[in-house]
Amino acid sequence: MQGNGRFITFEGPDGAGKTTQIKKLAAYLKEKEKPFLLTREPGGTRISDAIRSLILHPGHTEMMKETEVLLYAASRAQHVREKIIPALEKGVIVLCDRFVDASIAYQGYGLEIGVQKILEINDFATGGLTPDRSYLLDISPEQAQKRLIARSGETLDRIEQKGIEYHKQVRYGFLELYKQHRDRILLLDGHQSEEAIFSLIKKDFESI
């Protein structure tokens, strides 16, 4: 299904620095004149971005956890079929900021929905699409919270506003995923400098 393309995802708690790193890898690929697609979840298409607005709106505090799970999956289903799979089939390198691992960590663990339920829903949503490589940036919830607060002029979204215990569960979920999928996931210490982290990512990326 993936043609000659490669599907690379970046994961980690809010504030870990994954978005910074995915942009660095995109810039590197552009410099090397490699065809790539930079995208994100939730979002990536017109419909998926509309769903993103519903999910993350700070005012939607009454949103039920089941609703959140299904909205993420709906956004992902559209994104995968409209954008990711066509790019992979053309031999493009797809860089995606979050994918199913995020749903497992944030909803399976954070919302206590359960990993198996999240897997079942997302297997249907994605048609079983799995990343070739995932870069997981790990950071303590306390440090992540400091970084989020330090982002001048930014309003925290509905997920970022959740309490520290929730974010501890999310981190635990990500680390459990790493233990189970060491062949796919590269764990990176998000407390390091941006340059040090990207050096590790670039070295690994060139080897796959």
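Just so it is clear, glycine is given a Cβ too, placed from its N, Cα and C backbone atoms.
These features come from TrEMBL:
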- 10-200: domain 'Thymidylate kinase-like' (DOMAIN)
- G12, P13, D14, G15, A16, G17, K18, T19: ATP binding site (BINDING)
Across the domain 'Thymidylate kinase-like' (10-200), average pLDDT on the 0 to 100 scale: 94
Other CB atoms within 10 A, centred on G15 (ATP binding site): 23
Same chain, 6+ residues apart, C-beta under 8 Å of the C-beta of P13 (ATP binding site), given in sequence order: L137, D138, I139, P141, A144, H167, V170, R171, F174
G12 (ATP binding site): tally of other CB atoms within 10 A of its CB: 28
Non-site residues, in chain order, whose CB comes within 8 A of the mean position of the CB atoms of G12, P13, D14, G15, A16, G17, K18, T19 at ATP: L137, I139, A144, G190
Under 8 Å by Cβ from K18 (ATP binding site), counting only residues of that chain that are 6 or more apart: F10, E11, G12, D97, R98, Y135, L137
For T19 (ATP binding site), nearby residues of its own chain (Cβ under 8 Å, 6 or more apart in sequence): F10, R40, D97
Where T19 (ATP binding site) sits in the secondary structure, as DSSP reduces it to three classes: helix
Lowest local Cβ density (other Cβ within 10 Å) among binding-site residues: D14, A16: D14
